[in-house]
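Only one structure is covered here, and it is reproduced in the block below.
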Amino acid sequence: MNKLFFLKKLDLNLTENQKATVINDINVTNLERMKLILIIFIIVEILFILFNDIPYLINHSSYVIWNDSKYFILHSLNVIVSFIGIILIKLLTKYSKNKFRIMNKLLIPTLTILILSSMAMISALDQAKPGNVSSVFIANLIIFSSIIMLRAPLNLAVYSIPFLAYLSGLVIFQNDINLLVTNIINGFIFFLAIIIISTGVYNSNYEKIAQNIILREINTKLNYISSHDSLTELLNRRSFNNHVSEKMRMIGKSKKIATLILIDVDHFKHVNDKFGHSVGDMVLKEISNIITKHIKTTTDLATRWGGEEFLIFLFETSINESYVLAENIRQEIQNKVFVTDKFQIQITASFGISLLKDNFSKSFDTSFKSADIALYKAKNQGRNRIVIASEDSNNTFNFQNAY
């Protein structure tokens, strides 16, 4: 038989980062809920002061005024504490959560203790009036335990303080021994129920938040898998095209430029045939790492276009700037020693560069064809070099041979 939800042990096999995220989400939710409670509390307390405490004090004798001014003082303190609590919550939500981590852990329990202790004293004062049995404190306990998420045994410590204040008030102000015993017994029953409710609320919310976090992470991983090449972890072709289309829509009207760099690993089939596909895969991974190191990942895009081909989209980058970047990549690939258990391999790559400008949506396909022609020229001219396509896309010229 499944354990009751409030007794169930939280064992969700979460990582430390996931646990920290859950706790942070609970803290943020508690702050939002506490802020709402305090706003409602201020409104109720002000109305109570205006329409009950003040008229009562005006219409009664000095002795009664002195005795019942305690209500006015407690209600006023509730308003002050609530205002201070709202200000502190705004500060917490405005600034870094890590900076106020300790304060965030203490604020909710402290506000809960202060408000409930005040309500406990009000209920205790009610016991001094013959035949008057106040349920204000119990009602507030139920509200807080149902809304505010406090883990065990913190909830026991937090709710015990105002509950002890309530019991002390009963002993001091209740003169009817039978009513005193009844209230104490009922109070303990309610208190036990409230601890159970509070524990259940925390466990239930913890589990839901944890499951949502796990689902978000799974969705993030699935989105990553669906948009990236499994071997090189660069964008796959479909995702690359989507990102390029988005960038073209963003800057197409501004008449800005961009460039394409098409890269092909020289004699890659020979690498696969001689050293095996595992070595070929290692080469592709290392080249993708080199490419990623040289581009601006915030604005530029790179993809494994197919097989041993890579395509780079350089955002707001001139031909000269693109050549410098391509030359840096070419040199690093040329100088890279690929080490395996049995071999040390050095390879080269050829590059074709073309310019995109003005109307991107019309020029991308044309520019890609130009880059492809430039790459073909680089291969024919001896490989391991960079060729830039001319602007009319019909001819190419050798910008600079590597050696």
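Glycine is no exception: its Cβ is also placed from the backbone N, Cα and C atoms.
Quick look at what TrEMBL lists:
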- 36-58: transmembrane segment (TRANSMEM)
- 70-93: transmembrane segment (TRANSMEM)
- 105-125: transmembrane segment (TRANSMEM)
- 131-149: transmembrane segment (TRANSMEM)
- 156-173: transmembrane segment (TRANSMEM)
- 179-202: transmembrane segment (TRANSMEM)
- 256-391: domain 'GGDEF' (DOMAIN)
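Sequence-distant contacts of the transmembrane segment (156-173) (same chain, six or more residues past either end, CB-CB distance under 8 Å): 109, 112-113, 116-117, 119-121, 123-128, 137, 141, 144-145, 150, 180, 183-184, 187, 191, 194-195, 198.
Within the chain, the transmembrane segment (36-58) has long-range Cβ neighbours (under 8 A, six or more residues past its boundaries) at 65, 68-69, 71-72, 75-76, 78-79, 82-83, 85-86, 89, 111, 115, 143-144, 147-148. Sorting the domain 'GGDEF' (256-391) by DSSP state (H, G, I as helix; E, B as strand; all else coil) yields 64 helix, 37 strand, 35 coil.
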